[in-house]
Amino acid sequence: MPLGERGGWERSESRYCGVETDFSDDVPSLLSFNISTGGFDYVLAPLMNPSYRPSLVEGKGSETQVLPVSGSDLVLAPSQWSSHVVGKISSWIDLDSEDEVLRMDSETTLKQEIAWATHLSLQACLLPTPKGTSCANYARCVNQILQGLTTLQLWLRVPLVKSDGVSTNATSKDLTDSWELWNSFRLLCEHDSKLSVALDVMSTLPSETSLGRWMGESVRAAIISTDSFLTNARGYPCLSKRHQKLVAGFFDHAAQVVVSGKPVHNLPKASDSNTEGTQRHPLRSYLDYVAYLFQKMEPLPEQERIELGYRDFLQAPLQPLMDNLEAQTYETFERDSTKYIQYQRAVAKALVDRVPDEKASELTTVLMVVGAGRGPLVRASLQAAEETNRKLKVYAVEKNPNAVVTLHNLVKLEGWEGIVTIISCDMRFWNASEKADILVSELLGSFGDNELSPECLDGAQRFLKPDGISIPSSYTSFIQPVTATKLYNDVKAHKDLAHFETPYVVKLHSVAKLAPSQSVFTFTHPNFSTKANNQRYKKLHFNLPSDGGSALVHGFAGYFDSVLYKDVHLGIEPTTATPNMFSWFPIFFPLRKPVEVHPDSPLEVHFWRCCGSSKVWYEWSVSSPTPTPMHNTNGRSYWVGL
């Protein structure tokens with residue numbers, strides 16, 4: 001039974017809860033007890049008798065031996081195997097043991113069990129935790145297996161531990177940061193997308209910063225031992241506030257909870273059996289508590305539900321200068337009322353500054369909307385004029401002939417003929433008959449300048465009065481390093497260089513933000529400097545928090561913040577983002593080879609904005625702690641056409 005129904009969570013993988021079981025050669029009874037009686041959605045069950053060792057049966061008529069699996073594939077329907085069983089690979093295997101017999105037995109058993117799981121059409125198998133810090137042979141065998149898998153997913157079991165580094169009784173063999181173990185294993189397996197992680201959640205949790213790293217990793221399950229539960233006032237199991245927050249994070253990232261262990265809470269006698277009088281599952285109270293946490297999740301806001309399909313979905317940025325936008329694209333942007341409220345506020349302030357109250361009835365302000373689209377900025381500007389009782393003359397400049405048709409109809413419909421003049425022309429080449437007091441545009445991209453706002457406004461400012469106002473008056477881009485396993489794997493799946501050298505617009509979700517964002521490029525308008533140049537270069541240093549441990553940087557999340565006019569701003573940089581605005585998702589700059597960064601060695605990043613005669617492009621690279629190749633040299637993979 002799924003954990004419950006919550007607004008926006010109906011299709012989330014996290015609504016399923018599993019239970020870890022011992023080996024059983026009666027799988028139908030195992031399922032009946034844990035699923036029908038217990039209410040769990042699936043079992044995490046061993047596939048092979050734990051006493052089995054290949055070396056003990058060799059030479060004793062081994063060709064007639066039958067593998068001691070949990071039962072014939074026929075004992076369950078294929079759909080039951082697939083939906084209700086996650087295979088648990090024998091926990092005794094140790095592929096990096098010094099003991100050659102054990103090592104060979106381990107390799108043979110691992111391959112036999114995976115082959116059996118594939119035969120059963122299981123969706124996933126749980127790999128045991130590597131026995132030591134060195135796991136090269138284990139990873140080699142798993143990588144061999146991964147090459148032949150099509151649908152089966154492998155979950156590597158890893159304890160969720162990160163010591164603070166001051167423990168005195170830790171031996172060299174103790175695991176101080178389990179992320180390091182996971183990272184070395186997945187690097188040895190070449191970031192295979194069929195390899196994920198299942199975290200063993202302990203009673204003691206690492207720091208918030210350390211936990212945050214895992215939100216950018218491919219965590220499929222959180223295995224919570226009954227020992228990790230506390231006891232509430234009524235004697236029932238519950239989790240600490242920090243554990244609750246962690247579980248909520250896993251739910252939000254589509255990871256499933258698996259309950260493990262024996263019951264450790266002595267529940268009131270009345271709860272031992274259910275209403276039908278049958279024996280209640282001993283772990284039912286733990287499942288009920290997990291379900292309670294799931295049902296406590298805040299329903300997703302309407303806009304968030306609309307955008308669910310865009311989470312971690314890579315999109316190429318728009319090319320609004322080269323391409324004409326389609327009606328559907330205009331409609332999406334026009335629905336963003338927050339953005340146009342901010343523009344209306346900015347225009348209203350500019351009008352009041354431009355024309356004092358005593359001259360409001362005699363002075364007419366000339367306002368030009370450059371890149372008018374289908375007219376939302378024209379409407380916002382006229383509403384600002386009405387609100388401030390200022391007289392306005394509007395020029396709506398638009399290069400897309402299809403949008404111009406809509407503009408003409410809008411002007412006729414609203415009766416704006418005497419106020420609004422429509423100009424069907426590229427703003428860079430239009431010769432205006434008079435100069436403007438205010439120049440309004442919405443040419444910003446996710447990275448601020450990535451849709452060529454600087455080039456367009458530089459070309460248009462020739463028809464702005466020397467003391468004229470540009471809305472926006474400035475904008476700044478920002479970047480921050482992120483762990484983003486899913487995004488990296490999606491780029492890697494294209495198997496070419498070009499996709500690693502393309503920035504993508506993406507609604508970031510399964511990412512770990514590793515350090516606060518920093519500003520990159522700033523542009524100010526109007527810019528009457530005779531040496532105006534839109535090329536830029538910036539070197540940035542990022543330091544990871546000291547208590548978080550190391551992390552893998554897959555690329556950089558990019559944002560912008562803009563000053564429309566004076567104190568009216570608009571932006572998506574996380575710390576100052578305009579609430580309830582959805583016109584822009586962040587941008588993602590991938591790295592061809594992810595970079596491992598330690599808290600004691602800063603990440604040094606370089607970003608360039610390059611301009612040619614017909615295009616603008618970005619180049620980027622990391623120089624420390626390990627250098628990466630230069631990305632997108634000469635705009636060979638990605639550029640924005642002028």
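Note that Cβ sites are derived from N, Cα and C of the backbone, with glycine treated the same way.
On its own chain, Glu442 (active site, proton donor/acceptor) has Lys339, Tyr343, Gly371, Gly373, Leu377 as residues at least 6 apart in sequence with a Cβ closer than 8 Å to its own Cβ. Annotated active site, proton donor/acceptor per TrEMBL: Glu442 (among others), in sequence order.
TrEMBL lists Glu451 (among others) with the feature active site, proton donor/acceptor.
Annotated domain 'PRMT5 TIM barrel' per TrEMBL: 39-296, in sequence order.
Sequence annotations record features per position, and here TrEMBL assigns domain 'PRMT5 arginine-N-methyltransferase' to 303-471.
Annotation comment: TrEMBL describes 474-640 as domain 'PRMT5 oligomerisation'.
Annotation comment: TrEMBL describes Phe333 as site 'Critical for specifying symmetric addition of methyl groups'. In sequence order, Lys339, Gly373, Pro376, Ser583 make up the list of same-chain residues 6 or more apart from Phe333 (site 'Critical for specifying symmetric addition of methyl groups') whose Cβ falls under 8 Å from its Cβ.
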All-chain count of other Cβ atoms within 10 Å of Glu451 (active site, proton donor/acceptor): 22
